[in-house]
Amino acid sequence: SRVTMAETSASDAADASKRAASATAAEDTNAGVSAAFALTLSVFSSVSLVIVNKHLISILGFREVTFLTAMHMVMTALALRVFAKLGYFERKHVARGEVAKFGVLNSASIALLNLSLGFNSVGFYQMTKLSIIPVTVMIQMAHFNKKFSHRVKGSLAILLVGVGASTVTDVQLNALGCALGALSVITTAIGQILTGSLQTKLGVSSTQLLCASAPWMAVTLLILAPPVDDALNGGNILDARYDARTLATAAVSCLLAILVNFATFAVIGKCSAVTYQVVGHLKTMLVLAFGFVVVGDPIVWSNVLGLAVALAGMVLYAKAEMLDRAAAASPQHPSTKSSIGDEES
């Protein structure tokens, strides 16, 4: 089972001077959260959430997955407003039109990912998730003037081969499933790219952007949840009857989702949409390893080999990122930006 979180953003800065000023503001407001902390929190919270949701959906029989995701966003919106009241961060006014479009796009990507899994085989669904990285790279190169070094592209290719060998099994195609899969990939890639660019454009931190957009995502998902869950498995939250144990597990899921949403926006703001996807595949590998070691899932050696190849790709990606950042900071390349960091000048 899976729960897809809203992972997202908005548009480019209008001109070079405005971009430089807003980038400085965003950097200042993000200063409280380090990239290392955001990455660590993202991995820990996401893996924990996957394990809890797997128990909730597969063992306890909770069927309203999209409604659960909507409640994740409701709890996130409420929690952030409480934290702002307590003075942990300053809420910032953001143009309602931009945040509304941002929230609707994120909610649509979540609903489409859920529908894609429901109308496709697990193998094809995993292939669509793998395609998010190359689609993100192509969109950034074509429309955001981003450049990716050959070593970054090579490391990403190795990573995707490894993840594919570990997760892709049966692949069955149908027209509706393919259309839903394609739309889910495009909306997810655009949303994650825009998550970073909105923070820069508006001069807000990841927490401020999440605080402003979470209510819009929550409302949109609450509207989409009944038809989507009904199309997937006939689930209807109004007719559902769950015991205290199931409801308590759902509450734990909501608490973990607050951390996941916070970490998602922080990672994309501090690093990039591509880096976030790489971290996402690390989570997948950890969940697979958890199944082998803790749950006792049967060991399939092709999966183990895929895990090893994916891990090598992640190490190479991290090394490529450091080399590119070092090159960008070098006096010989004063105008060069990291291939996975901010937009090029």
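Note that Cβ sites are derived from N, Cα and C of the backbone, with glycine treated the same way.
No curator has checked TrEMBL annotations; they are predicted automatically.
If you check TrEMBL, you get these features:
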DOMAIN    44-317  domain 'Sugar phosphate transporter'
TRANSMEM  31-53  transmembrane segment
TRANSMEM  65-84  transmembrane segment
TRANSMEM  104-127  transmembrane segment
TRANSMEM  174-195  transmembrane segment
TRANSMEM  207-226  transmembrane segment
TRANSMEM  246-267  transmembrane segment
TRANSMEM  274-293  transmembrane segment
TRANSMEM  299-318  transmembrane segment
Which of 31-53, 104-127, 207-226, 274-293 contacts the transmembrane segment (65-84) most, counting Cβ pairs under 8 Å: 207-226
Stretch contact, the transmembrane segment (31-53) with the transmembrane segment (274-293), Cβ-Cβ under 8 Å, 3+ pairs: yes
The transmembrane segment (207-226) in contact with the transmembrane segment (104-127), cutoff 8 A, at least 3 CB pairs, sep 6+: yes
Maximum Cβ pairs under 8 Å to the transmembrane segment (104-127) - stretch from the list 174-195, 246-267, 274-293: 174-195
